[in-house]
């Protein structure tokens, strides 16, 4: 192939290139339109050029006769920089390929048609105040879509348009730095800096883009706290813990740099008052630390110092004033009516038990510390002395007993004594009084438990049959020491004191027999060693039993068995259970007997006036519920006055064979009225409505009796055909009587 293309660079020159090898992939750097030419083309018009590849038809067109390639619209390198095309030559007449397919690339040369762009329209950053010159703030970067490798179209230079002389920008990388020293946030906090990025290395004619950087000076602890008022005066109540006022220092810093702590410098003020910091308002709250006495000192003056909680070492030694400030505080004590004050709190008093009623226990004392020194009266809070064991003299505070005290019942008594100003009963003070009851040896020792002692008949002399111990409810200071002995000499047994508050019971002989004596009562005397000495005599019961050769109990007397088996409480419980069961049986039998005495509805079978026929036909069912409810008569209060009775009158298709001479229930009405009159005139009747039920049937009903005894002389006088029209409930009755009439006629 011979390829021809036109190349214009600054001036229009025409170049002609001949390519020898067509099998290689060639790249053309074109800024105008190329031309393809094949050595098979002799100019006779029989050769056809075909172009395929990227953008053919939409961006590139080829003249099939001459091989000229044309662009259909403006090409943008930023959209696509290289296009790969394929060309071949065919015979127009035979459509035979004359030259094989050849690939070549078209590369678009860049021109400076894109301005630099920043990634953000507005940047936000901060830098500490008082920073040194050249401190980095933020780096902003712009990009240019032009070719970075071709010319200066994408070479950017940064400059600052707004923000001088406070900040500067690095022209190569866009880093913004501080340009002035000691920039103070308290003077100016926010700055707006405009940065420009320009391509073509900043030369004239280059394109540019801008962005805005919002820079905030962050706070540093460079401002000390200062009191607005150097002298402050307060009026203080005398109660401990009461807040007498607030003192405030100002700090131009913010956040944790503005947090302050207050302290009292003077020694006198530190002992009487305390100051804390309110974390929300950063105010110092002065409180009373000790009880103030207006009568002793009326005014206090002390110095309060304030410092920052968090200090920055960089500014502590600066030429600025020190990072603390002080102010004088003057406190005037208010004279208020205060409650009485006890000389001690609490009181602990000791008293011996068994002290007689009215005995002296102790004295409490309270005083009104106000200038008036009002008199005080005393009383005992009875909620703390429910048993009313103590009394107090309302004038001098002397506590006495109302009852004898027993330490074994209660070792401590905790009462509250109330002191009240006589002139102002609202001023009261209470103090706890702990009364300890001291022990007096007033209880004798006794057996520690109930002992059941069994003695074998074949026991030998000197054998141990029981070990006993004792207890004492008293509490001597040196501990318990019991002495065991017998009230008199016993020929059968002896007692040996172990000197450890226990004793042994030893036999003095052998050969005991149940027949001679089955029980021995052994009195044991137990004494303590306290003053005065207390002693008691306890009886030990020894039961004689028959034992085997090993000493195992086999049988004892009745009393011994009873004591060894069931206790008295168990026997009583068993007896009560038996009595309860008997009472249940008797009650059940009485109820059964009472039920049998009730009169039956039908006394005997002979009272039936006519034959009773039993059949299993159902009644009217739910239709009967529309009839009159007898429950209304039993409970008249629930009856609605406006509710009409819904009596159902049976529809009679045929008349009865005979009619009743009684048109209404006059006898029933007369009976009820008579009973009503008797109850109204009875003075013993209850003064409220009551229900009385009378078993009175009346003289008869409209249907009269169904008994054949009261029928006419002959059954033929009656016609029963109307029974068949009464429905299924009377079908059985109709079959009985209509069937009889049919048989009679037959």
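Yeah, the Cβs are placed from backbone N, Cα and C, and that goes for glycine too.
Database features, via TrEMBL:
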DOMAIN    38-118  domain 'Cadherin'
DOMAIN    119-227  domain 'Cadherin'
DOMAIN    238-342  domain 'Cadherin'
DOMAIN    343-447  domain 'Cadherin'
DOMAIN    447-561  domain 'Cadherin'
REGION    705-728  region 'Disordered'
TRANSMEM  12-33  transmembrane segment
TRANSMEM  560-591  transmembrane segment
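In terms of DSSP helix, strand and coil, the domain 'Cadherin' (447-561) has 4 helix, 54 strand, 57 coil. When averaged over the domain 'Cadherin' (38-118), pLDDT in the model lands at 81. For the domain 'Cadherin' (38-118), the number of residues in each DSSP class (helix H, G, I; strand E, B; coil) is 0 helix, 38 strand, 43 coil. Across the domain 'Cadherin' (119-227), DSSP assigns 3 helix, 48 strand, 58 coil.
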